[in-house]
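J.: Pasting the relevant annotations from TrEMBL:
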DOMAIN    20-86  domain 'P-type ATPase N-terminal'
TRANSMEM  57-74  transmembrane segment
TRANSMEM  80-98  transmembrane segment
TRANSMEM  280-302  transmembrane segment
TRANSMEM  322-348  transmembrane segment
BINDING   D396, T398, D817, D821  Mg(2+) binding site
BINDING   D396, K397, T398, E500, F541, K564, R598, T678, G679, D680, R791, K797, N820, D821  ATP binding site
ACT_SITE  D396  active site, 4-aspartylphosphate intermediate
DOMAIN    843-951  domain 'P-type ATPase C-terminal'
TRANSMEM  874-895  transmembrane segment
TRANSMEM  907-927  transmembrane segment
DOMAIN    954-1067  domain 'P-type ATPase C-terminal'
TRANSMEM  965-984  transmembrane segment
TRANSMEM  996-1027  transmembrane segment
TRANSMEM  1039-1060  transmembrane segment
COMPBIAS  1110-1130  compositional bias 'Polar residues'
REGION    1110-1131  region 'Disordered'
Amino acid sequence: METQQECACDKLVREEERHVKANARDYNESFSYADNHIKTSKYNVLTFLPINLFEQFQRVANAYFLLLLILQLIPGISSLSWFTTIVPLVLVLVITAVKDATDDFFRYKSDQQVNNRQSQVLISGSLQNEKWMKIRVGDIIKLENNQFVAADILLLSSSEPYGLCYIETAELDGETNLKVRQALTITSDFGDISKLMDFDGEVICEPPNNKLDKFTGTLHLRDSKHPLDNENLLLRGCVLRNTEWCFGMVIFAGLQTKLMQNCGRTTFKRTSIDKLMNTLVLWIFAFLICMGVVLAIGNTLWESWTDRNFQVFLPWDDFQSSAVFSGFLTFWSYIIILNTVMPISLYVSVEVLRLGHSYFINWDQRMYHSQTNTAAEARTTTLNEELGQVEYVFSDKTGTLTQNIMVFKKCSINGQTYGDVYDEFKQKMEITEKTDCVDFSFNPLYDRGFKFYDGRLVEAIKLEDPAEQDFFRLLALCHTVMPEEKSEGHLVYQAQSPDEGALVTAARNFGFVFRTRTPETITLCELGRAVTYQLLAILDFNNVRKRMSVIVRNPQGQIKLYSKGADTIIFDLLDPSNEDLMYTTSEHLNGFAGEGLRTLALAYKDLDEDYFEVWMKKFISASTVIENREDQLAVLYEEIEQGLKLLGATAIEDKLQDGVPETIASLALADIKIWVLTGDKLETAMNIGYSCHMLRDDMNEVFVISGHTLLEVQQQLRSAKEQILGLSRVSSAGHVEKAEMFADGSVYEETIIAEYALVINGHSLAHAMEPQLEHVLLDLACLCKTVICCRVTPMQKAQVVELVKGHKRAVTLAIGDGANDVSMIKTAHIGVGISGQEGMQAVLASDYSFAQFRYLRRLLLVHGRWSYFRMCNFLWYFFYKNFAFTLVHFWYGFFCGFSAQTVYDQWFITLFNIVYTSLPVLAMGLFDQDVSDQNSLHYPSLYKPGQSKTSSSTNDGSYISDQQVFAVTIATSLVIVVNVQIGLDTHYWTVVNHFFVWGSLIVYFAILFAMQSDGMFGIFTSSFPFVGTARNCLSEKSVWLVILLTSVVCVVPGMAVSFLRVELFPTLTDKGPQEQSLRRVRRTSSHRSAYAFSHQQGYGELITSGKNMKMSTASSTGSPGRTPQSSTWIENMLKRKNAVSGVSDEITGAPAKTD
């Protein structure tokens, strides 16, 4: 799989048209095409230092401290040593540089891992192993089964008949269904080296772009031209499946591949706290300037009025002729002295807190997934507090909300439902892991992973009930699944959709095992007996028919038509005699749909031999016409499918991950809006929306935007917005002409009481994202409770996130599990990767990762909320203690003649932030919590203050013969006040908090007496001048009285304000949150048949043509009883272009995915 990559293709020359010649490196290199080397790291050995320093000094605080350092180097104005600033500044720069270098080194290693992968390249007449990064455009490479495609290549030939190959595109679009690609007929026999060496074709095609589903080009070979499209191209990131080998020619390499074109840029993510701190630095610097100006003016006035009075005992070394110049120098001296109002240790402390919060996430056992041995991981340390401010969550569907597993849950057969379990009192029981499963051991070919709990159905099968047998016989015959028997009894199904795989697997377990197929036959093992049916026709599925049928001849010579599809379609085709059964089955379908299951109706018809022969002649004739072929075939399909007899219905669960509905409900109560962005089909996405309770039947309206033109989309958006707002006039640009009662968009959102949902597909979204409509789309989406965007490309996902991120002042979070989610993960403020079925691409690009969607609830409501709460309290207290420390110098300036003299001992200044007050505030920032994690989850509304950027903090308190005694008294009062204040503000006491708070006081007094002792003075006379001061002054009762009164005066106002705030303006935490219920809604709507509506265009034509069969199989197992008409039909089909859309993954292997 690819590692996270960064699109740097804009650095390359723009192309109008690409010319690529096979086996001609010199020719291709003349165009300066990108090579296959990938680079996502930012630095190298030479550029690291200048680039990193440049990035770091973009942080306002670093530039601020650099300026202070320069000022301290000027002797005339500095009263503090320069090392007091340079040491912490260098420390911060080094710590940050090491962290950046480490992160970049991991990116470099990831790049190297991909670049050094091996691939077989045709060089000088032989296949040689070559590193991916050395592959060039025009090279011919060989891929083997289960290998990743190294670049975007043109398929030339393969081990399969007709040049077919199967690929899995999970890294591109999230779909694990196997898709079919086919080589051109003219190159499909290039299976040996000599032919490939002689191949000199030239491809002229479109320039590099990010369109995953489109490719246009022409192959020029032997004076002929051959059109190329997406069906001939294998894209980088795909995996070759169920194909021994294939050869291809590189068309796009490296950063110009479609995968790389869809990767969003890796941007530096900064939190709102970071931005706030930058703003605070500017404001504090302005405040610092103001204090410096006031004190400089004071110095100027002092020098002008009273300076000469002190020259008798304070003679000047150098006479100052100008009081103004003295004030100017004093200004800069005070800027240096008062700089502690914004100490650089703040940034170190913030990084320590973020690191600690990250470890708390990593250590959280309640976010550990034991089945996969996966713990939650904070992959960044800079975004933790941002988790407490999220307003929009953008989620992938398959693999993120769902488990990517389809399960046959229930069915209705001949008016009888199966799938529920009842006790001896005929009461329905809840199915749990402890519920006994049905024993399928009577069937030696059963799938051991299949579970069903209603034993009545097995008993009915064993009694050979004809309705139940016909039901499962239909499921075993009416499909386009390809079987593969790897060993005796070990069957693997390659299904076009996961639903088909689940249905065929269900039939297999109930005794109707699909064993083999040829273009003309289907062989089942029915309750242990091998039965071969002659396949006469496949009436394939498409989005208009919403059903598929097969016509077979059984061993008794009877011709049967079996059909399955959307109940609304099948019911219209039923014989009138089935009316009662139809109503009963419809009631069952309503119940299935109410549980969020994907439903399907099944029916059959006995065909008369003569009627079928006449119909077959019409069918063969319609299959060979050039114009309106599809329309003529549709009419014939409709004709033969009339008068069906209903068998029943199936109900399949697109299994949600555990806890998804509860998580979504909790986040909704926290006012977090969830948008689903999926590559899946509209109806499938809607069905999951109902299963997750994001869509409900009690919603006022679900708007579906599906216009194909800009005008249609504009009209649909305008109409929906008008309906919500209840206004009669909408301007041509889609902007509502607001009534006076509506002041702005936010008022709209607050005014809307009814609940609406918006569903929009990919091609409509492309029009809606146009500049003239994007604001209308955003306004409408924000008015809706639920938004689902389906059939969207990876780049469209990122564009939707960017739209909300750019126009709404809100924190966004994107969560996904596949490579197709990488763009939106990188674009959002916070990216979360699910480490699931899709490999590690999303995880590598994410900021946080875990194994299940349900852990998002704890990540946001507990860790996010705590991180935001702790960081806000930490910042408030940090500024409190430093303002208290610094403003003493300001007030002291009025008593020392504005001489820029420091009131504290130099060592106290040095140790105040490092030793005396650092640990208590760190303990508060790491461990404090206003409510427990259980209450945070139980009351999601507690999360809301973070979204509004508010925090439950209190207001600042106030502050407070011999200069040395005065300094010790003030310093002692200050340390006591700030530690008592943090004790009062701590909500949750731990042993660490007690140790740090009270330990800091003990350490202060220990250091104070040690540094002012006779011994230290004797050793370092000049460095410790305060000899004996602490011992003398702290033995006086009056000093302790001053300290006590000062502490009380400083603390009591803050306590009073806190008390009044709680009484007059209580927060949700203060009031005690109101009970919130997670509403569970049972659906009872007619929203059914999501399978039939979401199923893809079928590939029945491919099966009946035999192109996907091995040659030996097709020739050896043909049916001699095949009618001449059928053979002619097969021949005609062989002539038609293969328009296959895809084959799904192994049912017993990795689960299929349609996202």
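Even glycines carry a Cβ here, placed using N, Cα and C.
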J.: Can you tell me which parts of the same chain pack against the transmembrane segment (965-984), counting only residues 6+ beyond its ends and a CB-CB cutoff under 8 A?
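T.: Here the qualifying positions are 877, 880-881, 884-885, 888, 903-905, 908, 912, 916-917, 920-921, 924, 957, 997-998, 1000-1001, 1004, 1008, 1012, 1026, 1029-1030, 1032-1034, 1039, 1042-1043, 1046-1047, 1050-1051, 1054-1055, 1058.
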J.: With a Cβ cut-off under 8 Å, give me the same-chain residues at least six positions beyond the ends of the transmembrane segment (322-348) that come close to it.
T.: 59, 61, 64-65, 68, 71-72, 74, 76-80, 85, 88-89, 91-92, 95, 277, 280-281, 284-285, 287-289, 291-293, 295-297, 299-301, 303-304, 307, 878, 882-883, 885-887, 889-890, 893, 898-900, 902, 909, 912-914, 918
J.: Distance check, please: Cα of D396 (Mg(2+) binding site) against Cα of F541 (ATP binding site), rounded to an integer number of angstrom.
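T.: With the alpha carbons as reference points, the distance is 27 Å.
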J.: Go through the chain and flag residues at least 6 beyond the ends of the transmembrane segment (280-302) whose CB is under 8 A from any CB in it; none is fine as an answer.
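T.: For the transmembrane segment (280-302), the sequence-distant neighbours (Cβ-Cβ under 8 Å, at least 6 residues beyond its ends) are 60-61, 64, 323-324, 326-328, 330-332, 334-335, 338-339, 341-342, 879, 890, 893-894, 897-900.
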J.: Minimum Cβ neighbour count within 10 Å among the binding-site residues F541, D817, D821: which residue?
T.: F541
J.: Tell me the Cα distance separating D821 (Mg(2+) binding site) from R598 (ATP binding site), rounded to the nearest angstrom.
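T.: One finds 25 Å between the Cα atoms of these residues.
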J.: Sort the residues of the domain 'P-type ATPase C-terminal' (843-951) into helix, strand and coil with DSSP and give the three counts.
T.: 77 helix, 3 strand, 29 coil
J.: I need the CA-to-CA distance for F541 (ATP binding site) versus D821 (Mg(2+) binding site), whole Å please.
T.: 30
J.: Do you know offhand how many angstrom separate D821 (Mg(2+) binding site) and G679 (ATP binding site) by C-alpha?
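T.: Rounded to the nearest whole number, the Cα-Cα distance is 10 Å.
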J.: For the binding-site residues R598, R791, which one has its C-beta crowded by the most other C-beta atoms within 10 angstroms?
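T.: When each Cβ's neighbours within 10 Å are tallied, R598 tops the list.
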J.: Round to the nearest Å and give the CA-to-CA distance linking R791 (ATP binding site) with D817 (Mg(2+) binding site).
T.: 17
J.: Give me the count of other Cβ atoms within 10 A of the Cβ belonging to N820 (ATP binding site).
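T.: For N820 (ATP binding site), the count of other Cβ atoms within 10 Å is 32.
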J.: Tell me the Cβ neighbour count for D396 (Mg(2+) binding site), meaning other Cβ atoms within 10 Å of its Cβ, over all protein chains shown.
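T.: There are 29 such Cβ atoms around D396 (Mg(2+) binding site).
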